[in-house]
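Structure, as C-alpha cells:
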C-alpha cells in the first residue's frame, strides 16, 4: 500500500462511518452570536463560558500591552521570552488557587503532554479515567509508563488498579469537569484513594476553572481538594487561550528542567498574559459572580425544558449540556436542521466519544439570554 492509498483508505473509512471531521470558516465564533456566510446564528458551540472573549476591559488590556511589549514574546521563556507580564500572571494565578507556583503554557494540550512526559518513567504507572481528554490519554499512551484506565468516575475500580504492585510511582489522572459529558469527577473520593496508595493526583480543570466555585476557583476548590498537579486553561472561562500548571516549588523547578513542551516552545505573547490578568480580575470580581449566577440560571432553564425530548440528557450541571443521539448520521442531520433554524450546534461523533454515543454538544454561556435558551428549546422540540 502506497502513502496515498493509506491516506485515502483512512479518509474513506471516516466518510463511510459519517465520522469525517470538517472545519467551517466563521467571521465570529465566540460570544452570543456565531457569524458565518453573512448570517448570524445563536451560538451553542463555544467554550467561552463566561462570555469574556469580547469583554472591553480584556480587549483594552491586550491592545495597550501590544503597544508596550509588541505582538510576540521573541522566544522561549528559557531564553528571552519570559517577561514581567508572564511573571505577574503566574504569581496571581498561584495566589488565587492556593499554590506555591504556576507555570504558563501555550495550550492545555501542551501543558498536559509536558507534565506527563516529564514526570513519568518506565517503572511508574499512570491510572486515568477512561473518559479523560485526548491530550491526557495520548501523553499517557506515549510515555514509557504503563497506562491503566478506570471506569468513568468509578472510585472502586480505581482503588483496585492502584492496589496492584507497582515498582515506581503512581499518577492518577482525571478531569474536574469532563469535556464531552459535562459531568464532574468525585475528586474528594479520588484523592482519598490516591493518597491511600501513596500516589499523586493530576486534575485537568479546563472546563471548571473560572466557571464554578468561589471566585471561579474551579472544581478542586469547590470539592476542597488540592491535587499535586492542577492544570487550568484559558480558552474556556477566561475567554482567551493558553494554560497553566499549578504545583509546588520543587515540582515547578523540576518542570522547568525537564518539561520539553515548555523549554522548546515560544512563550505566549506578553500582551496575552496581560489580557489574562485582566480576565482573572473580572473572574474574581462581583461581575464574575454575576456572570456565573446568570450561567447557572440559564442551565436550569435549559434542563427544565429539555426533559421530554427523545434523547438522553447527560447528568451535567455545567455549561456543557450534551444530548446523546446515538447514531452518527442522525446527530449530523439534527445539527444541520438546528443550523437551518438559526442555532449553531456541533455534532460530536466517535472517535471523540465512544461508539454509539454521537451527540449534540450544547454549550451555554453567560453571553446568552433567556430568550436564546427558549429558542433553542423550541427548535429542539420541533426536530425531536
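Cβ atoms are placed via backbone N, Cα and C, with glycine included.
If you check Swiss-Prot, you get these features:
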type: BINDING; residues: 21, 133, 352; note: substrate binding site
type: BINDING; residues: 108, 109, 179, 207, 233; note: pyridoxal 5'-phosphate binding site
type: MOD_RES; residues: 236; note: N6-(pyridoxal phosphate)lysine
(request) Work through the binding-site residues one by one (109, 179, 233) and name whichever has its CA nearest to the CA of residue 352 (substrate binding site). (result) 179
(message) Taking only the residues the record lists as binding pyridoxal 5'-phosphate, namely 108, 109, 179, 207, 233, what is the largest Cα to Cα distance between any two of them, in Å to the nearest whole number?
(response) 13
(request) Provide, as an integer number of angstrom, the distance between the C-alpha atoms of residue 236 (N6-(pyridoxal phosphate)lysine) and residue 207 (pyridoxal 5'-phosphate binding site). (result) 6
(message) Please report the Cα separation of residue 207 (pyridoxal 5'-phosphate binding site) and residue 133 (substrate binding site) in Å, rounded to an integer.
(response) 11
(request) Using a 10 Å cut-off, grab the number of neighbouring Cβ atoms around the Cβ of residue 207 (pyridoxal 5'-phosphate binding site), all chains included. (result) 28
(request) Go through 21, 109, 133, 236, our recorded positions, and report the one whose Cβ sees the most other Cβ atoms within 10 Å. (result) 236
(message) Please give me the CB contact count at 10 A for residue 352 (substrate binding site), counting all chains in the structure.
(response) 15
(message) Please give me the CB contact count at 10 A for residue 108 (pyridoxal 5'-phosphate binding site), counting all chains in the structure.
(response) 26
(request) Measure the Cβ-based neighbour count of residue 233 (pyridoxal 5'-phosphate binding site), defined as the other Cβ atoms within 10 Å of its Cβ. (result) 25
(message) Under 8 Å between C-beta atoms and at least six apart in sequence, can you list the same-chain neighbours of residue 179 (pyridoxal 5'-phosphate binding site), or say none if there are none?
(response) 133, 206, 207, 320
(request) Fill in the CA-CA distance, residue 233 (pyridoxal 5'-phosphate binding site) to residue 21 (substrate binding site), as an integer in Å. (result) 24
